[in-house]
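Encoded as C-alpha cells, the structure appears first; notes follow it.
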C-alpha cells in the first residue's frame, strides 16, 4: 500500500544545531503514528516541516506517491494536513464559530459554519456550542475548538502536538475516543507526546527521535514503556527516589485565603487553606486557569492578600513583598517561563539576579557583583544540565525545556525553606523532568517544604505526599497521594469533592 | 520577497552599527532634500558638520557653542533614557525644563541683590531640581493613581508650562528696572547667580559638569546596580519585574523624578548661563530634541554623550547653513527629524535579519 506520507532523508540545520538529521518515516492511511522524543530531539522541527512552517535543507516528502513540498500552512491544508498545536491560538473574547472562521481562508456564512461545527462536534463526540465565548471555555474545550477547526478541512493527516498535557483523565478518554473514530474512518494521525502509556494505548507505530536522528521505529503495544523511554533518552531512567520523612513542624500555613480575580479572565481564590510540614511535598492538581497562577502570585507576594492569611513558620507574611518573602525562605517558580520567571532579552546571569540577588549575596547594598552573579548562573547551568553556550546567552535563545531547568534550578539552588513551583516539568523532556522531580524530592528530603502545582497527574502521584485539586479557585481537602485511584482524582478535579457524581460523562 | 527573521540573540554588532547607518542614510536623504531645495548638497552638509568645528572663520565661535548646546541635551537625555528603558514614557521634559528654570530663577531673584554666591547659586540649583521633579510628579502620580497615559499628560503639560513661562516673563518675574519690557533680570550678569564659563573659550559651564556627573551615575545605576536590572526588567517583562519584587508604581515615580529633576537642572543652568534670563521664548526645544538624543545614543549613557554632541552640531551647523546658504530653518528641522526616523527604521536590524528570496510566507 502506498503510504499517505513518506518522508525521505529530511535534514534541517539551524545555526549551530542539526535539528533534523536524515530523518525518514512513513505513515500509512488510517495509522496512528507516534512521534516520540525528548525536548530538542527535533520533533517540532519535523512537524513544522510537514505543516509547511519551515523548509528542509535536504530530503524530500511524498504524499500519496507524489512530491509534497508545502511552502506554507495553507499549502499543507490544501494537501490535507491539519495540525492542532500545543499552544492554542484562540481569541478569548470571540465565540467558537468566530474563532473557527478566523482560521479559514474563505469562511462560509456564519449560520452555515455554526451548523457545520455542530455536525462535526456531534459526529466526533466533541461537545461544543458554536455560540460560546472562548474565554469561558476550559482547556479541554478549547482544544476541541482547535480540533473541530482542523476537521472542517477534512484532513487526511492530523498532527496533534502534546494534546493531553492540558486535559483531565476524563477528557483524555474522550479525546482518545475521537481519535480512534477518525482512525477508523481512514484519517492518519501523527501523535506527538512524551507520555509513554498513552502512546502504548493509542498508537500503531512509533518513531523515536534522539538528537535529530531516528533511533528506532517500533510497535508501542509490543514494547514496555521503560524500553521506549530508554530508546528516547539513550540511557536508563530512574524513578525518583524519596529520602527523609515528613516532620511535625509546620512551615507554611494558609488560612482561608480569598483573593478577588485581577481581571475578567482571571480566577478568584476562594477560602483556600492548607498546611505544609517540613519535609513534605504537597501536590495540587487541576487544569490550568483554575486559580493556579493566582495562588502562586499570592504566595510569591506579587499579589497581596489580607492580613493573617499566609504564615511562614508561624509569622504572618501576608503583607510582605516578594523580596521580603525570599529573605525569609519562601521561594516560588511561576509557570510562565518567558516573561514571568525570566525576562526574554536579559542574559542568564541577569535572570539569575531576578530572584537570587539578595539570598545569594549577588548584590551588596544594591551594587551587583557581576562575577558572583555569573558564577551563580554557571552553577545552576552545570547542576541542572542546562544546554546553552554560557551565562551570557539571552533567555529567549534557550529551548523551553532548558529555560525551565534554569528557572527551577535557580530557586532550588537557593536552598529555600518552602518552594512553590507551578507546572515544573511542563514541556520538559523526560530526562530533564526526572532531574527536576528528583531535585524537588531531595529538597524535601533535606527538610524543606515543597508545593508542586501541576497538570501532570502522574507527576503529582509520583512525588507528592498529599494531593488536592484546585478547581475554580477552590482547593479540595488534601488526601494522601498513596492509594488514590484515577477515578477519585478525576472526581476531585471535576470539583465534586468527595461527593457522588451528579452526572456521568 | 523580503522577509524579516528574528535573530535568536540581539546582534551586538548591529546595536552599535545602526546609529552610524542612520547617520549615513540621513546624510544621503538630507543631501537629496537640500539638492531639491536648490542648494549644493555637499556644501550644505559641509556647512552643517565641518565648518562649525574646523572652518577658521566660524570655529572660534561655534566650538564653545557645541558644549553649550550639548550640555542640556545630554543632561535631559540621560534622565529620559532611564525611564525609556523601564517603559516609562516621559515626553514632557521640555515642560520640566521650563519649570526648573522658572523655580531656580525665582529662588535666586528672591534674594536679589545678595552678593553671596555660595548661598544664591546652590539654592537656585536646588530649586531648579525641585521644580523639574515636581512638574514631573504630575504625570507620574496621575499614572500610578488613576492609570492615565503618561505620554499624553507629560506632553500636554509642556504647553501649560509654556503659558506659565509667558506669564512669569511678563508678570511676576519681570525685571522691575527693565523699562516694561518682558523678561526677568539678567541672571547671567549678576555675580551671585551666574553660571560661569569655567574655562574661557570652551563653552564649558556647570551644566556640562552636571551632565557628566549624571552620565556617570546613570551608567552606574544601569550597569552596576540592581536598580538598573529592575529598570530593564520592567521595560521588557513587567510580570517578571513584579516577580523580582519591583514595585511598578515606585519605579514610575523614580523614573519621572530622575528625568524631571535632570530636565529641571538643565533649565536652571541654561537660564543662569547661556540664556541669562526668563523670557517668553526661553525654551528652544531641548526637551524634545533630547528624546532623539536618548534613542540615537541607544539609551546608553556613553552613547548619549556622543549623540548629544552630534545633535548639538546639527543645531549649530543648521543655523550656520540657514544663515550662509539660505536654507530654510524648517529644512534643518526636517533633517534632524530624519535622523530619528532612520534610526528607528534601521533599529529593526538589531533584532531581525533580512532574508531575501524564497521561503517568504509564514
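Heads up, the Cβ atoms here are built off N, Cα and C, so glycines get one too.
Residues annotated as transmembrane segment in TrEMBL: B:68-88 (among others).
Residues or ranges marked as transmembrane segment in TrEMBL: B:95-112 (among others). Cβ atoms under 8 Å from those of the transmembrane segment (B:95-112) belong to residues 72, 76, 119-121, 123-136, 154, 157-162, 164-165, 168, 172-173, 184-185, 187, 190, 192-193, 259-260, 263-268, 270-272, 275, 277-278, 282-283, 286-287 of the same chain, restricted to positions at least 6 beyond its ends.
TrEMBL lists B:118-142 (among others) with the feature transmembrane segment.
The feature transmembrane segment is assigned by TrEMBL to B:151-173 (among others).
TrEMBL lists B:203-222 (among others) with the feature transmembrane segment.
Residues 71-72, 75-76, 78-80, 82-83, 86, 88, 90, 93-94, 96-105, 108, 121, 124-125, 127-137, 139-141, 143-144, 150, 187-188, 193-195, 205-207, 210-211, 214, 227, 230-231, 234, 241, 278, 282, 286-287, 290 of the same chain, all 6+ positions outside the transmembrane segment (B:251-272), place their C-beta atoms under 8 angstroms from a C-beta of that stretch. The annotation transmembrane segment is assigned in TrEMBL to B:251-272 (among others).
Taking Cβ pairs closer than 8 Å, the transmembrane segment (B:278-297) reaches residues 19, 22, 72-74, 76-78, 80-81, 84, 91-98, 101-102, 105, 158, 162, 165-166, 168-170, 173, 182-184, 263, 266, 270-271, 303-308, 310-311, 315, 336, 339-340, 343-344 in its own chain, all 6 or more past its ends. TrEMBL lists B:278-297 (among others) with the feature transmembrane segment.
Taken from TrEMBL, the feature transmembrane segment covers B:304-325 (among others). Long-range contacts of the transmembrane segment (B:304-325) within its own chain (CB-CB distance under 8 A, at least 6 residues past either end) are made by residues 19, 23, 39, 43-44, 47-49, 51-53, 58, 62, 65-67, 69-70, 73-74, 77-78, 81, 211, 215, 289, 292-294, 296-297, 331-333, 335-336, 339.
For the transmembrane segment (B:331-352), the list of distant contacts is 4-7, 10-11, 14-15, 17-19, 21-23, 25-26, 29-30, 33-34, 37, 48, 289, 291-292, 295-296, 311, 314-315, 318-319, 321-322: same-chain residues at least six beyond its ends, Cβ to Cβ under 8 Å. If you look up TrEMBL, you'll see B:331-352 (among others) marked as transmembrane segment.
Put simply, of B:68-88, B:151-173, B:203-222, the stretch with the most CB pairs closer than 8 A to the transmembrane segment (B:118-142) is B:151-173. Away from its own ends, the transmembrane segment (B:68-88) comes close to residues 97, 150, 203, 205, 207-208, 210-211, 214-215, 218, 221-222, 230-232, 234-235, 238, 251-252, 255-256, 258-263, 265-267, 269-270, 273-274, 286-287, 289-291, 293-295, 297, 299-301, 304-305, 307-309, 311-312, 315-316 of its chain (Cβ-Cβ under 8 Å, at least six residues beyond either end).
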